[in-house]
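A.B. asks: Quick one: the structure is below, questions incoming.
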Amino acid sequence: MGSPSICLLTALLALVSWQAIASDPSPLQDFCVADMHSPVLVNGFACLDPKYVNADHFFKAAMLDTPRKTNKVGSNVTLINVMQIPGLNTLGISIARIDYAPLGENPPHTHPRATEILTLLEGTLYVGFVTSNPNNTLFSKVLNKGDVFVFPEGLIHFQFNPNPHQPAVAIAALSSQNPGAITIANAVFGSKPPISDIVLAKAFQVEKGTIDWLQAQFWENNHY
């Protein structure tokens, strides 16, 4: 193989490798405060003119020290991302407070654009994630106050409070300004319009009536 071909192959491999390890784009300046009113469509948000930027673009009185009311699955995720703090644009990070009622859970879900690192502040949690096909291996752990656990990007994961009497609270950091969340049950059984019950009955190997019953339920969102 000639020298130009080797150089071209090396460049292509470098580009592929960069795409493989990248999450949010790396910033090319000190900051790029999101201009929420810009008509320009980019991956993320266009930058607000720096002369209009002030400290409030990097601040939110989020009251993350305040307990939240939980929903019927027993959790409440209060996410602070670029939509709440425009200064997070291009910085590749966000944070969430998660409240768990006694026996409450943050049900199986994924973050398509972020790895999550969770710190338990109060209570006890049973947490875990499942690897991709074909192994679908469960990695799980019981966390106590002060423990930390990592959920790799894109993998299905969950948290459950096994204590029937005491709530739990955690803080999670995520490696994206907008990590996204796909709650598995909500997406599969609560999509709009609904997925064909024939398709789901075949996939889950159950009677069509079971799918119809599941699709008739109210699949509440716990991300606020």
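The backbone N, Cα and C atoms fix where each Cβ goes, glycine too.
I grabbed these lines from TrEMBL:
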type     : residues                       : note
SIGNAL   : 1-22                           : signal peptide
DISULFID : CYS32-CYS47                    : disulfide bond
DOMAIN   : 62-212                         : domain 'Cupin type-1'
BINDING  : ASN106, HIS111, GLU116         : oxalate binding site
BINDING  : HIS109, HIS111, GLU116, HIS157 : Mn(2+) binding site
A.B. asks: Specify the nearest of the binding-site residues ASN106, GLU116, HIS157 to CYS47 (disulfide bond), where nearness means the distance between Cα atoms.
C.D. replies: GLU116
A.B. asks: Output, ordered by sequence, the same-chain residues six or more apart from HIS109 (Mn(2+) binding site) with a CB under 8 Å from its CB, or 'none'.
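C.D. replies: Once residues fewer than 6 apart are set aside, HIS109 (Mn(2+) binding site) is near ILE156, HIS157, PHE158, ALA181, ILE182, THR183, ILE184.
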A.B. asks: Residues near the Mn(2+) site, HIS109, HIS111, GLU116, HIS157 excluded, by Cβ within 8 Å of the Cβ center?
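C.D. replies: Going along the sequence, the neighbours appear as THR110, ALA114, PHE129, PHE151, LEU155, ILE156, PRO179, ALA181.
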A.B. asks: Same-chain residues six or more away whose CB lies under 8 A from the CB of GLU116 (oxalate binding site)?
C.D. replies: VAL150, PHE151, HIS157, ALA172, ALA173, LEU174, SER175, PRO179
A.B. asks: Measuring Cα to Cα, tell me the gap between CYS32 (disulfide bond) and HIS111 (oxalate binding site) in whole angstrom.
C.D. replies: 23
A.B. asks: Taking the mean position of the Cβ atoms of ASN106, HIS111, GLU116 as the oxalate site, which residues outside that list, in the same chain, have a Cβ no more than 8 Å away, listed in sequence order?
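C.D. replies: Checked against the 8 Å cutoff, the neighbours are VAL77, ALA96, HIS109, THR110, ALA114, LEU118, PHE151, HIS157, ALA172, LEU174, PRO179, ALA181.
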A.B. asks: Are there residues of the same chain, six or more positions away from ASN106 (oxalate binding site), whose CB falls under 8 angstroms from its CB, and which are they?
C.D. replies: VAL73, SER75, VAL77, ILE98, TYR100, PHE158, GLN159, PHE160, ASN222
